[in-house]
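Quick look at what TrEMBL lists:
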- 13: active site (ACT_SITE)
- 68-145: domain 'GHMP kinase N-terminal' (DOMAIN)
- 95, 96, 97, 98, 99, 100, 101, 102, 103, 104, 105: ATP binding site (BINDING)
- 137: active site (ACT_SITE)
- 212-255: domain 'GHMP kinase C-terminal' (DOMAIN)
């Protein structure tokens, strides 16, 4: 049995658009979105523990029991009665609570890595079914390629996207996803459209982004820093949009665009990233 899987990438994502199209009886919101992988990534180290314990090294943002990496490992261990344990070490580069899917991506990478470390030989589909128990974004990172998403984010179809560079601004703080989705002024009835509508828009109008983000105006009202970040990118000649439930805003960076950095307030972060056509660990899973 392999003793360690080290240096495993957990890439971030962007939502090129995010439409809220309805609500399920259980209260969860129905969405349409296009997810793209980007090369901003956390790094996960997994070390086999014969003791059977699940340990988490490094700084935690809350109780270990609530950490998505720990939950992913324990879910896999309990569901398949694995005797071995694991020590999880995480190097964070993706800001927390930024709408970039960092926690979900970390959990997906833990599932992929433990599938190999514990020699479980689960397929991509089997891991995706587990992933939805951890969070709506986790299946996307296990899907492993750019995707059109529906349902609560778990219904995924592959989509072709141009190779692109993006400019990201994180305004130094997150926005409560719960507050956004419970806000009375959130649009919950955007018309559903077929994937072909968005694909045609990308093919014919790129770098203009299709659709919009229904969560953006609510997030900007709740957290003025989001509105400020949008304005700063716009005043620098970009067409900005918020990703996910925020707080990161982004824009396509056209080829030949000036590479000068923005004059950001203290505590804010700027990233220049490239899109990824597939997850770096995609080849570790069979269909």
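Every residue gets a Cβ built from N, Cα and C, even glycine.
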Determine the minimum-neighbour residue: among 95, 97, 99, 101, 103, listed as binding-site residues, which Cβ has the fewest other Cβ atoms within 10 angstroms?
97
Where does residue 103 (ATP binding site) sit in the DSSP three-state scheme?
helix
Between residue 99 (ATP binding site) and residue 137 (active site), what C-alpha distance do you get in Å?
10
Which residues, in sequence order, are found in the same chain with Cβ within 8 Å of the centroid defined by the Cβ atoms of 95, 96, 97, 98, 99, 100, 101, 102, 103, 104, 105 at the ATP site, excluding those residues themselves?
12, 94, 244
Closest to residue 137 (active site): which of the recorded positions 13, 97, 101, 103, going by Cα position?
101
Could you break down the residues of the domain 'GHMP kinase C-terminal' (212-255) into DSSP helix, strand and coil, giving a count for each?
19 helix, 7 strand, 18 coil
If you compare CA-to-CA distances from residue 13 (active site) to each of the binding-site residues 97, 101, 103, 105, which comes out shortest?
101
To what whole number does the mean pLDDT across the domain 'GHMP kinase N-terminal' (68-145) round?
97
So how many other Cβ atoms are close to residue 137 (active site), meaning within 10 Å of its Cβ?
25
